[in-house]
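Marked as N-acetylmethionine by Swiss-Prot: Met1. Annotation source Swiss-Prot lists domain 'PX' at 1-125. Taken from Swiss-Prot, the feature phosphoserine applies to Ser113, Ser116.
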Amino acid sequence: MEVYIPSFRYEESDLERGYTVFKIEVLMNGRKHFVEKRYSEFHALHKKLKKCIKTPEIPSKHVRNWVPKVLEQRRQGLETYLQAVILENEELPKLFLDFLNVRHLPSLPKAESCGSFDETESEESSKLSHQPVLLFLRDPYVLPAASDFPNVVIEGVLHGIFYPHLQPR
């Protein structure tokens, strides 16, 4: 799983003073989705995670300055925080996955996730990857020949397979 925070925006509200919303990009199993969270949600997550796993430091809560440079530093800090939680923990708590709106993640530890493969095989070579698919609208082998001339190569191969004892023409 990869997590990035590519951007943030300032929201103004009639009921309360403005706040910053961070856009989180989550890449998992070849799929990408976005989640938007306020700093207060990050802080609440951090408090809960501290009780069950090793957590890195979270950027300071008290930033009264809405200067874009300060908010950019907070964005980078929160991105580093999320990435560190992923790197430092073999199993991610459901609480963390729910925060990122991740619905399914194998619960096996990384070391046991490929139990049927040879243990000497590297983790990189055992990962599945998505490959493009070539799609034919019609079966190219069933279509009529483009010309009236016989296909000499195909006839020769078929003749060799089915009539090996006969001499070619």
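Residue positions begin at 1 at the first shown residue.
Just so it is clear, glycine is given a Cβ too, placed from its N, Cα and C backbone atoms.
Note on the residue listed as 'N-acetylmethionine': other Cβ atoms within 10 Å of its Cβ, all shown chains, come to 14. Mean pLDDT across the domain 'PX' (1-125) comes to 82 in this model.
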